[in-house]
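Report on the following structure.
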Amino acid sequence: MALNVVILAAGKGTRMRSELPKVLHPIAHKSMVQHVIDTAHSVGSDAIQLVYGYGAEKLQSVLGEQQLNWVLQAEQLGTGHAVAQANDNIGDDDTVLILYGDVPLIQASTLEALLAAREDNGLAILTVNLANPMGYGRIVREANKVVGIVEQKDASAEQLAINEINTGIMAAPGKQLKAWLGQLSSDNAQGEYYLTDIVAMAHKDGVEITTAQPESAIEVEGANNRVQLAQLERAYQARAAEKLMLEGANLRDPARLDIRGDVTVGMDVMIDINVIIQGKVTIGNNVTIGAGAILIDCEIGDNAEIKPYSIVENAKLGVEASAGPFARLRPGAELKRDAHIGNFVEMKKAVLGEGSKAGHLAYIGDAQIGCGVNIGAGTITCNYDGANKHLTVIEDNVFVGSDTQLVAPVTIGKGATLGAGSTITSNVAEGELVITRVKQRHLTGWARPVKKPKS
């Protein structure tokens, strides 16, 4: 029996006031519908039907490379009509799980509980109890058994008092679902084909109807405008921050941390305020991350420190390495054990060896730097000739004086010393001292120019 997931994603989202389809608006740097797709995969979906309509080109440009069956809903005539568009892709023996592209916080554990609650060939619906159920379809029960769902606009006064509401998420048997969808009518206040009407049909057919509920109501909330989108973002971030704290991270203020990807943390990690963590990030034990730092797709070793306002992107910090404040590690940069870069140092496609240091104001690109090297302030690896990039190699225990330019390709041998202000254009042998400064001149009797008076 295959698990066939149908995701409804055809709506425009007029209240978003955006040309972007509603389901492509992001939560934690990932579209709402992508969150739903990922959750569908995590519960073991065998196939995913994406019902689309508005903004087809934008949807396909964002999601097109994934294993999805694209199902067009040319007219938006209700949720029942939307699901019916996928009928040709639903097998009689399938379990059909219906999800929504604008409900991004639904948890895999909740869906697993829903699927587990479904009896053989039965219908399972996800419900939630709300103190204020205004606007939602109500779950109608008789003798505690579900017999139907009535929408807000069609509900009687007695039914409006019900606080158990329909989330729209359900699991149904494929054969019966297709039959029920074929019987839907638009004879209602909205003039639409309600998916919820299949519940009464299931009851009439004697099908067992069971329910499950999410751990939190926020899981089943959608976003129809940007205020609701922001509320979902905050809920996502609160949940992500809680997960980090349970895994061993100390958060200076959980409300001032943005997590936009998959983060793994070790024990006794300290994260200060206004940090952004994006993509796949691995953080070791006893790591300190300063205020305002940005970490993107990077690996941080044990006992490392990222000082305030540093950016680490597609880069690695080894054990006890440190960066910042105001340092930038660009893609391909790596600090080996106990290496350090300080304020306003930028690295790209470069390795700084064990115990080596670049304290401040340097650019290190396309470079291999050995152990115990000192890079003085203002040092630049001149790696680009206008057409191609070239490599700078600095071997162990080299001292590079301040304001030195290394014109690649060039190799500096072990233990060499480069005098401050030098421009190095050829290889330097092991142990050599190289100075390329112009000889200093002393001009006595020289008078500084005097400014002309303003007219």
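Quick reminder: no glycine exception, Cβ is built from N, Cα and C everywhere.
What you see is a predicted model, and the numbers here were worked out from it, not measured in a lab.
Annotated features, as they stand in Swiss-Prot:
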BINDING   8-11, K22, Q73, 78-79, 100-102, G137, E151, N166, N224, R330, K348, Y363, N374  UDP-N-acetyl-alpha-D-glucosamine binding site
BINDING   D102, N224  Mg(2+) binding site
REGION    227-247  region 'Linker'
REGION    248-455  region 'N-acetyltransferase'
ACT_SITE  H360  active site, proton acceptor
BINDING   A377, N383, Y384, S402, A420, R437  acetyl-CoA binding site
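Projection of Swiss-Prot feature records onto the structure.
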residue	record	DSSP class
L8	UDP-N-acetyl-alpha-D-glucosamine binding site	strand
G101	UDP-N-acetyl-alpha-D-glucosamine binding site	coil
N224	Mg(2+) binding site	coil
R330	UDP-N-acetyl-alpha-D-glucosamine binding site	coil
A377	acetyl-CoA binding site	coil
N383	acetyl-CoA binding site	coil
S402	acetyl-CoA binding site	coil
R437	acetyl-CoA binding site	coil
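A Cβ distance under 8 Å defines the sequence-distant neighbours of the region 'Linker' (227-247), meaning residues of its chain 6+ beyond its ends; these are 16, 25, 27-28, 32, 104-105, 218, 221, 254-255, 257-259, 263-265, 269, 271. Site extent for acetyl-CoA: among the recorded binding residues A377, N383, Y384, S402, A420, R437, the largest C-alpha separation is 22 Å. The binding-site residues close to H360 (active site, proton acceptor), defined as a CA atom within 10 A of its CA, are A377 out of G78, G101, A377. Closest to S402 (acetyl-CoA binding site) in space, going by CA atoms and restricting to the binding-site residues G11, G101, E151, is G101. When the binding-site residues L8, G11, N374 are compared by Cα distance to N224 (Mg(2+) binding site), the shortest distance belongs to G11.
Annotation for G101 (UDP-N-acetyl-alpha-D-glucosamine binding site): spatial neighbours I7, L8, A9, K22, V23, M32, V33, V36, L50, criterion Cβ-Cβ under 8 Å with sequence separation of six or more. Residues near G78 (UDP-N-acetyl-alpha-D-glucosamine binding site) in space but far in sequence (CB under 8 A, at least 6 apart, same chain), listed by position: S186, Q190, E192, Y193, Y194, L195.
In this structure, Y384 is the one among the binding-site residues N374, N383, Y384, S402 with the smallest number of other Cβ atoms inside 10 Å of its Cβ.
Around E151 (UDP-N-acetyl-alpha-D-glucosamine binding site), the same-chain residues six or more apart in sequence whose CB sits under 8 Å from its CB are G137, N188, A189, Q190, Y194, T196, listed in sequence order. Across the structure, Y384 (acetyl-CoA binding site) and R330 (UDP-N-acetyl-alpha-D-glucosamine binding site) are spaced 16 Å apart at their Cα atoms.
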